[in-house]
Amino acid sequence: MSVSVVLERCGVLLEGPHWDDVDQCLYFIDHISGVVHRWDPETQKHETRKIDENVGCVVTTKTPGVLLITGKHRFLSLDWEGGVATPIGEVDQDRPENHFNDGKCDARGRFWAGTLGPLETPTRVKPKQGSLYCLDVDRSVTKHIDGVDISNGLCWSHDNKTMYYIDSLSHKVDAFDYCLDTGTPSNRRPAIEIPEEDGYPDGMTIDTEGMVWVACFDSSSINRYNPLTGEKLHTITFPCAYVTPCCFGGKNLDTLYVTTSKDGLSEQKQQEQPLAGSLFKVTGLGFKGRPAYQYAG
C-alpha cells in the first residue's frame, strides 16, 4: 500500500471527491474558496471553475459537460466549459447562515445532500440546525431528516436496501432501511460507533465487498469498517490531521482518492502539517469501489 500526493496544497478545505467513470477524471471542491476542481490522471491536467459562493459537493449528470453542485444553500447546475452555474432549488431559507456539505446520488439518480448551521470552529457548530435533503429527478426538493449537527457522508449497500449516513458530531455511522422506488429512508439505527479518539466521521465510500471507508476528521486517518458488525478492519494514516471525504477511482476503481483540509489549523500546525489542503491517493490497497451514480434529472 502506498499513500502519495496528487495535487499539493491546492486548496483550503477540500471536500467531495467524485470519480467520473465516463471521462476517467476526478472532481472535487474547495468549500471555502468556492472552487470546483477537475483532475485527469492520464494527462495530469488540472482545471478549476470558480463559483461566487461556498461549494458543498459535486456530482456528474447524464448530460455531458454538465455537473450538479451545491452552493451555500442552493442546488446548482454547472456548465463546465462555460463556467456558468444555474440555480435549480434552494433550501434552509429560514436559516440563512446554514450551508451545504457532503452529498451523493442514489442508484435512481436522485441527489442527496445535507446542511449544517454556522461553524465556530471546524468541529463546533450551532447545534441541530442542519437537515438532509433529496433533489429528485424531477427537480423537486424534499427534506428527509431535520435536527442535524453536521450532515456528512452518504452511501448505499449493493442491494440498495440500506442507506448509511453520517452526522459527524454523533460519532457514528447510522443505517436506514431504504426504499429505492420511493427514495425513502426509515428505521434509523446505529451501524458503526466511532470513539472520540478516532476523530469525527466525515465523508465515506463503500467497496465491492460492502465494507465502508470512513474519513475520520482530526485523526489523520481513514478507517475501513464492516457496517453489519461495526468492526474496524483497516486503518490508513495521512500526514495531516484534517482528512475529509474519500472515493474510489481510476480505470479499475482500485485507487482511493482522499481530500484534506487546513482550515482551522493554527500557523504552527500548518507548519507541522505542510501537506494539509492537498489531494492524496492510496494505491495497492487490494480493494475496489463501484462507479459513482450520476444525477438523472
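Every residue gets a Cβ built from N, Cα and C, even glycine.
What you see is a predicted model, and the numbers here were worked out from it, not measured in a lab.
Matching Asp92, Asp94, Asp202, Asp207 to the divalent metal cation binding residues that TrEMBL gives (Glu15, Asn152) identifies Asp202. Within the model, the domain 'SMP-30/Gluconolactonase/LRE-like region' (15-261) shows a mean pLDDT value of 97, rounded to a whole number. Compute the center of the Cβ atoms of Glu15, Asn152, Asp202, which mark the site for divalent metal cation; besides them, the chain residues with Cβ within 8 Å of that center are Gly16, Asn101, Asp102, Ile150, Gly153, Ile166, Ser168, Gly203, Ala215, Phe217, Thr244, Pro245.
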